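Engineer: For reference, the structure I am asking about is given below.
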Amino acid sequence: MAIEESPTYAEPGPYEALSRFSSLTREDHRKWWEHTGPVLEKVLKDSGYELQSQYTYLYFVQQHLVPYLGTFPTRGEDEHRWQSNLTPYKVPYELSWNISNKVVRISWDPVCDASGTEADAFNKKAIHDCTRQIAQLSNTIVLDRYRILHQELVISDQEEQELLRRDDLPKSGRGQHNLAVDFQNGGIALKVYFYPYMKFLATGSPVEQLFFAAIEKIGTADIQEPVKMLRCFLSPSFDDGKPSVDQKVFPSLLACDLCDPSKSRIKYYVIDKWVKWERIASLWTIGGRRLEDPSCAKGLALLKELWDLLAIPEGDRGDIWPNLVLGQPPTHLMTTMANYTLSPASRFPEPQVYLTTFGMNDMAIMDALTAFYERAGLTDMAKSYKKNVQSYYPNLDLSQTNWVHEAISFSYRNSKPYLSVYYSPF
């Protein structure tokens with residue numbers, strides 16, 4: 001009697017397994033999951049995450065992030081979705097990859113059905129529900145600083161009504177916050193970011209003043225020295241006898257970790273409209289104030305290597321946030337960004353510089369990054385980077401695109417470069 005062999009089948013990966021009995025019933029949510037899930041699975045795998053962690057983080061995205069992404073972007077229908085501040089194409093989702101530590105991060109702008117409508121013209125509601133939901137998943141997430149910064153930097157209901165009566169209110173750029181989560185050590189680390197422009201329009205208070213007032217509300221007893229140094233660098237009215245920035249540099253974001261306040265870092269972001277190496281060096285050294293920090297010169301030398309390899313054209317970027325249309329390649333370049341970490345761990349504001357590559361050829365960027373990885377001793381990443389990134393965009397010819405690599409961030413910590421790459425979701 002012949003014995004029938006059991007049929008063999010391939011074990012499904014985490015994305016496929018989680019999709020089989022997905023609870024996502026809305027079409028937009030399913031589209032978001034189908035678009036983001038496979039790429040996230042690949043990046044997690046390429047970063048060396050164990051299979052259990054891949055399941056954990058994909059499930060987190062499916063259940064707690066996708067439902068807050070709103071209408072799925074469709075070419076030619078930009079006006080039908082929330083115009084997010086998060087990405088150049090105003091899409092509320094961004095994946096980034098910490099190359100040095102192989103940590104995956106997702107940033108998103110929580111959106112609900114009311115976002116952008118008369119019921120919630122400035123998208124103030126969704127983030128509350130989203131943060132509360134995520135905070136219930138881990139006792140390491142603490143929302144104290146979120147509440148303080150939201151109170152200080154997000155427009156009130158009265159200010160909202162006053163803004164809506166103005167004839168000069170821009171249609172885009174109304175968002176005031178976004179979230180980010182790091183997938184690390186089997187858990188999640190949550191961060192919040194605040195955009196100040198609407199609060200500035202509503203109150204007339206300079207953004208710099210809004211930011212430092214908010215920092216004071218949080219409490220600065222243990223970070224007075226780095227706060228004072230940063231304030232002197234960013235404002236000529238706080239003179240310490242050393243150079244301060246000009247009008248091309250201005251504050252753009254204030255962020256913090258949503259964890260135990262004693263461990264939470266504050267991050268102060270600036271934009272420089274004039275892209276030039278000497279100005280990037282000034283951002284890094286804080287106008288020369290940080291030169292006595294032993295790590296400053298070492299980090300600056302590596303940053304210069306990265307700058308030279310990327311070959312970003314210098315120039316004045318007049319339009320800091322161009323009116324891009326999804327599906328149309330960018331035709332010009334964007335600004336430099338930097339953030340400064342304010343923490344009791346250092347008397348200096350710790351800089352992180354963002355070299356914005358959006359608008360540059362993606363293959364050229366991958367070649368430059370591969371060369372830098374080799375110089376930095378990241379040999380495995382140097383060997384696999386181009387092949388991996390091409391697999392994340394199977395329908396694109398990266399020798400012809402100029403929007404996939406949005407930016408490269410660089411800092412120098414624990415005597416080694418700390419590099420992250422930010423990718424376009426489309």
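Using N, Cα and C of the backbone, Cβ positions are placed for all residues, glycine too.
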Engineer: Using only what Swiss-Prot says about dimethylallyl diphosphate binding by K191, Y193, K267, Y269, Q352, Y354, Y418, Y422, identify which of R81, R105, R132, R147 is listed for that site too.
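Structural biologist: It is R105, as the record lists it for that site.
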Engineer: Just the number: how many Å between the Cα atoms of Y422 (dimethylallyl diphosphate binding site) and E94 (substrate binding site)?
Structural biologist: 7
Engineer: Roughly how many Å lie between the Cα atoms of R105 (dimethylallyl diphosphate binding site) and Y195 (substrate binding site), rounded to a whole value?
Structural biologist: 20
Engineer: Roughly how many Å lie between the Cα atoms of Y269 (dimethylallyl diphosphate binding site) and Y195 (substrate binding site), rounded to a whole value?
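Structural biologist: The separation of the Cα atoms works out to 10 Å.
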Engineer: Are there residues of the same chain, six or more positions away from E94 (substrate binding site), whose CB falls under 8 angstroms from its CB, and which are they?
Structural biologist: L86, T87, I106, S107, W108, E406, Y422, Y423, S424, P425
Engineer: Just counting, how many other CB atoms are there within 10 A of the CB of Y195 (substrate binding site)?
Structural biologist: 23
